[in-house]
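Feature annotation from Swiss-Prot assigns transmembrane segment to 4-24, 42-62, 69-89, 93-113, 131-151, 158-178, 217-237, 247-267, 271-291, 295-315, 333-353, 358-378.
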Amino acid sequence: MKRFLLCSFALVLLYPAGIDMYLVGLPRIAADLNASEAQLHIAFSVYLAGMATAMLFAGKIADQSGRKPVAIVGALVFMMASLLCSRASEGSLFLSGRFLQGVGAGGCYVVAFAILRDTLDEHRRAKVLSLLNGITCIVPVLAPVVGHLIMLRFPWQSLFYTMSAMGIIVGLLSLFILRETRPARRAPRDLSRSSPAAESLVNRFFVSRLAITTLSVSVILTFVNASPVLLMEVMGFSRGDYAITMALTAGVSMVVSFSTPFALGLFKPRTLMLVSQGLFLTAGMTLSLAHTNTVTLFGLTLICAGFSVGFGVAMSQALGPFSLRAGVASSTLGIAQVCGSSLWIWLAAILGISAMNMLIGILIGCSIVSILLIFSVAPNRSVAEHEEIPYQSRS
């Protein structure tokens, strides 16, 4: 079992590393490529577009051909794309590399969640996804620090050499450590209970959890996107104060994420999901009424705690009904989360909504809709919580 957890964690970490590692070198990259920082900031959207593109195909391929081939190819694409970015001499080539980086990271991301669905029952899966969320929160804090240390002695290209090395390591883990987890075809007596046709992506329970996770990701990405404006322009923080504040909020996320597995031993998943949305609602109301920086910071802290306590549980529930189509389900969740959050941020910008109101709006909207869905759509107990995986006995 340890091999599956190790490989899943490594596969997921390519996604945040690809976002955060290069940011510290952005001014120097812009200067060398004769582009403005504003022009290169689109690299974030291009990276997410690459992820969404990969997710369109990676899930179905993983269900048909296996998790392992997709993981190996995804890591290889990420590695080669990182080298392409390091060799870029102008902006368009750099953005092409960023898109391909997203493709590689997106394929690995989908496979990681499919592997966890294949190998863990619902209770353990919720705990592991919460831990995974906590580990993911470490990357936005450590990656810029590592990037800064690298650039003290080496040029910005070294950042992408480092990411390329990460791709190589993940590829080697996928090749030599990861074992295939795609479930074997079921006996005829089992087909009525679990078949690709029966595991529909349009059933009410999956759609409800897809909506909850998409709204939750929209909350956290809106927070990340709006945080520079809120903290440095509205609240008057310096760059150093901003970095410290974001590190502290990431610390809150880590503590809550690592505590959630223990909470799952005491409370039902539904209770933790309601607590998560209650924290979002409280955060939205706090920010709307805040008149001091202290109160505003308290509201921002509630956002991080709310996301960490509920997201892993909701993702586990969303993947629960799928054994033969875990890859497709994981892809669908990823696409909805990336596209849904990007759409909200884009619409808010087009409509001229301020950073604070953008954040308050998604917090209150997410919490109300999610609470209604949690109460109105319960898990389907006719679906087995865990499917036996023939490969598990070999771990």
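The backbone N, Cα and C atoms fix where each Cβ goes, glycine too.
By number of Cβ pairs under 8 Å, the transmembrane segment (93-113) is matched best by 4-24 from the list 4-24, 131-151, 247-267, 295-315. Comparing 131-151, 158-178, 217-237, 358-378 for CB pairs under 8 angstroms to the transmembrane segment (247-267), the maximum falls on 131-151.
Below 8 A, the CB atoms of the transmembrane segment (69-89) and the transmembrane segment (158-178) form 3+ pairs separated by six or more positions in the chain.
Proximity of distant same-chain residues to the transmembrane segment (295-315), defined by a Cβ-Cβ separation under 8 Å and at least 6 residues beyond the stretch ends, is recorded for 113, 126-134, 137, 209, 212-213, 216-217, 219-220, 223, 227, 230, 235, 245, 249-250, 252-254, 256-257, 260, 263-264, 269, 272-273, 275-280, 282-284, 286-287, 289, 333, 359, 363. By the count of Cβ pairs under 8 Å, the stretch nearest in packing to the transmembrane segment (271-291) among 4-24, 217-237, 333-353, 358-378 is 358-378.
Sequence-distant neighbours of the transmembrane segment (4-24) (same chain, 6+ residues past either end, Cβ-Cβ under 8 Å): 43-44, 47, 51, 71, 74-75, 78, 85, 101-102, 104-106, 108-109, 111-113, 115-116, 119, 128, 132, 135-136, 139-140, 143-144, 146-148, 151, 156, 159-160, 162-163, 166-167, 169-170, 173-174, 177-179, 181, 395.
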